[in-house]
Each structure stands twice: as C-alpha cells, then as structure tokens.
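Colleague: Just passing along the structure, written as structure tokens.
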Amino acid sequence: MTDKQPIAVLGGGSFGTAIANLLAENGQQVLHWMRDPEQAAAIKNDRENPRYLKGIKIHSGVEPVTDLSATLAQCQMIFVALPSSALRQALQPVADQLKGKMLVSTTKGIEANTFLLMSQILEDIAPEARIGVLSGPNLAREVAENALTASVVASEDEDLCRQVQAALHGRTFRVYASSDRFGVELGGALKNVYAIIAGMAAAMGMGENTKSMLITRALAEMTRFAVKLGANPMTFLGLAGVGDLIVTCSSSKSRNYQVGYALGEGLTLEAAVARLGEVAEGVNTIKVLKAKAEEMQVYMPLVTGLHAILFEGRTLDQVIGALMRGEPKTDVDFISTSGF
Ligand SMILES: NC(=O)c1ccc[n+]([C@@H]2O[C@H](COP(=O)([O-])OP(=O)(O)OC[C@H]3O[C@@H](n4cnc5c(N)ncnc54)[C@H](O)[C@@H]3O)[C@@H](O)[C@H]2O)c1
Ligand SMILES: O=P(O)(O)OC[C@H](O)CO
C-alpha cells in the first residue's frame, strides 16, 4: 500500500481493465469499479478478466470493487470507461459526490436525443467537477499487452491534463495533451461509424485502393461535420482524429470493424451485434449522426449510405453504385486558395 490517493476506473469491460492495469503498472493504487459482484470476486481470485481480456494478468495494484459511492469517496481522479448508453444512468445517482473531482471520460459515443458527447454529459451531471477526455488509437487488448501506444488527454484544465499525463505515462504508453476537448472527443465518437463501413469492405474482399479511399473520404466527411459544429479541423490531423480512424478502420481487433465485417458476410445487424457480445458504439452513433447531419445540412454520403443499408432496406450494391456515381467533388475542403 502507498499513501497516495487511489485512482478510480469505472467500468469492468475491456478498456476499463486495460486502463486500470496501466495505472497500476505505473505504481498507482487503483479501485476498479464494476457493477457485477461475481465478476469482481472472480477477478480478485483469478487476477484475470476472461470475458473481456482473456489471458491478460491483472496487476496486484488493481482492486476490483462494487461499491460506487465508497469508491468515489476515496478518489480525486476518476476514469470513466462505461458504454455511452450507461454513463448517465450510472453516474446521475452519485452526482453529489463528483463535485471538484477530476472526471476523465474514455467513452466514445454520442447521447441519443441530446447529441451530447460523454464529457458534456459529465458536465451536465456534475457542473462543479473538473472534466477531461482520453482518446486516441487505443485498442484495449494492445494497451493491455503493452504494445507501444499513444493517446490524447484533452481538457481546458491544464493541470488536469498534466496530472493525467503523470498518472498514465509509462514505458509503453505516451499521453499527449490538447486543449480541444470537443474536437478530440468528437473524433473518437465519429470514427466508429466509418470502422463499420471499413469492416464491410474488408468482408467483401475490396482492394487496398478502396480501403484507402474509404479512410480518406471518411476523414474528409467527419472533419466537414466537425467544422460545421464549430470544432477545429486541425485536431482531426492528430492521434484522436486520423490516428484513431486508421486503427479502427484497419484492425479486426476493433469491435466496430467486426460488426461491419459480419454485416459484409451477410449477417443482420442484430445478429452481428449479438455475435460480438461487447459494445460497438458506432451502431448507436449512426442514427444520431445521420439525423444531425440532416439537421445541420452537412453532406455525409458515407453516413447516409450506411444508414440506408442498416435501416432503410437498401443493398450494399445499390449504395456503392450511388456513391461512385455521385457528382464529382473537391479533394480537400479546407485548402484556402486565397493568395495562390
Ligand atoms: N475496448 C477498446 O478498445 C476501447 C478503447 C478506447 C475507448 N473505448 C470506449 O470505452 C467504452 C467502454 O468500452 P469497453 O470496450 O470497455 O466495453 P466492453 O463491452 O468491453 O465492456 C462494457 C462494460 O460496461 C459494463 N456496463 C454496461 N452497462 C453498465 C451499467 N449500466 N453500469 C455499469 N457498468 C455497465 C459491462 O458490464 C462491461 O463490463 C466505449 O465507449 C468504447 O468506445 C474502448
Ligand atoms: O473496438 P472499437 O471499435 O470500440 O475501437 C476501440 C478503440 O476506440 C480504438 O481506439
């Protein structure tokens, strides 16, 4: 035991487990909160979380716990690794305990109806908390296996960024700082949708040219959308933008990619999600994103095409045909031609 305050990680899934281990490897005492007492007891005994990260040894500095209120009472720094669909309902009842704490969201999703990002929900629940986001190309299994990895902590609160960097920076994990919380978080939420498309393309045996076209046009599309919402497009050139887009669109370890792959093999969306058995945030994001793009009048042909396949009964062939026949466009939207 150290006399340092413990750090809390909320969420017993793959990313919560990976972050908890990373913190413990850096000498932090970690309270890893999960809702399921059986899971917590099993992790305590076996030092493994087999459902989500089979074969990864859980560090002795990680203590699985199930009392959320007692956990929050002991910690100043709290990482939130809950699915987006659960974040508000899990934390609203303990809102009073979040005042003044550092809350760092690792959750990459968008709330249906409100279009709020997860750190905005945290702000809504706990206006007096200190809020940040951790996002980047961070596949949980690779983080847990100590593959060399980089991430971004984003917050208007510079001291929070420094403290998160100090807690997470280690032999295999580098943390860069950003003051653009909105842009960093939006990048993490949007790329999940394009990873579903990339998985479909892979299952259909499409070529390397096609994969590159998809990733690049996805970046153009998500940046166009982000700019319309007031975000800084330069953030999308960083780890939490193009970095995360590349890893999620090209790795079969990504759950969103896996859902897309299953769809490309002919499974229904329900069957693809059931086969996965884990969170694929892009499935929920696609609906809210399509609605928001329409409301804001942003041209997002990839989002529109995926939505048409998943929810409007269009076939892949029809959508691909429409995409390729679309009116020719400019390559990069944000190049200023003035002065040239
Ligand atoms: N896995 C990754 O590689 C990775 C990397 C970076 C960010 N993320 C993000 O982290 C978030 C969590 O993803 P994950 O991969 O850990 O998911 P996961 O599917 O591996 O696990 C989800 C966990 O949340 C728990 N949970 C579900 N509903 C809950 C509730 N109401 N209250 C408490 N716990 C609840 C589940 O029991 C499970 O332990 C997602 O938004 C994801 O985008 C994941
Ligand atoms: O497994 P995914 O598709 O949720 O992606 C995991 C991470 O977000 C990759 O950075």
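From the backbone N, Cα and C atoms, a Cβ is placed for every residue, glycine too.
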Colleague: Please pick, from LYS108, LYS211, LYS228, the residue that TrEMBL records in the sn-glycerol 3-phosphate site together with GLY136, LYS191, ASP244, SER254, ARG255, ASN256.
Modeller: LYS108
Colleague: Among the binding-site residues GLY136, ASP244, SER254, ASN256, whose Cα is within 10 A of the Cα of GLU281 (NADPH binding site)?
Modeller: ASN256
Colleague: Considering only the binding-site residues ASP244, ARG255, ASN256, which possess a Cβ situated under 6 angstroms from at least one atom of ligand 1?
Modeller: none
Colleague: Closest to ASN256 (sn-glycerol 3-phosphate binding site): which of the recorded positions SER14, ARG35, LYS191, going by Cα position?
Modeller: LYS191
Colleague: Could you tell me which of the binding-site residues SER14, LYS108, ASP244 have their C-beta within a distance under 6 angstroms of some atom of ligand 2?
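Modeller: The ones that qualify, in sequence order, are LYS108, ASP244.
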Colleague: For ARG255 (NADPH binding site), just count the other CB atoms lying within 10 A of its CB, please.
Modeller: 24
Colleague: Including all protein chains displayed, how many Cβ atoms other than that of GLU281 (NADPH binding site) lie within 10 Å of its Cβ?
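Modeller: Within a 10 Å radius of the Cβ of GLU281 (NADPH binding site) lie 23 other Cβ atoms.
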